[in-house]
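> Below you'll find the structure I mean.
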């Protein structure tokens, strides 16, 4: 069951990216789009909490037991999101996808191998090593090979921006571990997800005001558009909720690998069928091979 949830969480992120891309076309501002996405996700999670009777407030004893860093999931998510916004015009789509993935894999393995952030320590041995190598090979085959010509189209200071992308990915992997610990301390996956989105929404609100000066762009550009362009936040909320639930059960590294596999599978499906206004693109045999390698690699990691 955890395998399926992790893959579906990755598919949610792939769909969220496509939906938010359409919203950005109408709003015209990256940070404003991100703020709207977080706000919608927060409203969705609060509604779920009320519907399922999950507490939105906790007693002082519970809150005092939560380590300070467990409240930073929303900040880390904003860092990862901002890194992607910054590196895309510098590196192009391929490297913007790959560099954060490398950062997520690296940080996920470090967290599990050393038991960081109160995670269960999982040694980096045997089938886990084989699995990680297969996952990285699958990412290369599915993403890099089909678009390798784009790799040469980078500007000045390319390695600096690649480093920013890797650090952004590390922030996202750390977010998964932090949110997982918060959910465990609160004894509520929904509570942990709500806090993460609340913090992220607040941070993005400040950034949107500072960077874009006004939120008036929300009104006219979106009139007459389909309702689903507002749904990116719901998909993001489901992803965060899945991470809060899964990390205490299977560890950060395994969650990262599952989500990445689902992300790439979902991205190929979005391209294949032209979902959410995306231009249809044929799925190449080499990309299918990459997905197979990804899934086999995740299976090897799950054997640990």
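Cβ atoms here come from the backbone N, Cα and C positions, even for glycine.
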> Of the residue ranges 190-208, 209-227, which one carries the transmembrane segment annotation in TrEMBL?
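Matching range for transmembrane segment: 190-208.
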> Of the ranges 165-185, 228-248, which one does TrEMBL list as transmembrane segment?
228-248
> Between the transmembrane segment (94-117) and the transmembrane segment (228-248), are there three or more CB pairs that fall under 8 A, provided the residues in each pair are separated by 6 or more in sequence?
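Per Cβ check, the transmembrane segment (228-248) does not touch the transmembrane segment (94-117).
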> Hey, does the transmembrane segment (190-208) touch the transmembrane segment (27-53), meaning at least 3 C-beta pairs closer than 8 angstroms, sequence gap 6 or more?
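Touching, yes - the transmembrane segment (27-53) and the transmembrane segment (190-208) meet the threshold of 3 or more Cβ pairs under 8 Å.
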> Report, as numbers and ranges, every residue of the chain located at least six residues beyond the transmembrane segment (65-88) whose Cβ falls under 8 Å of a Cβ in that stretch; write 'none' if there are none.
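Here the qualifying positions are 30-31, 34, 95-96, 99-100, 117-118, 161-162, 164-165, 167-169, 171-172, 174-175, 178-179, 181-182, 185-186, 192, 195-204, 207, 240.
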> Is the transmembrane segment (129-147) in contact with the transmembrane segment (282-301), using three or more Cβ pairs under 8 angstroms as the rule and ignoring pairs under 6 apart in sequence?
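By the criterion, they touch.
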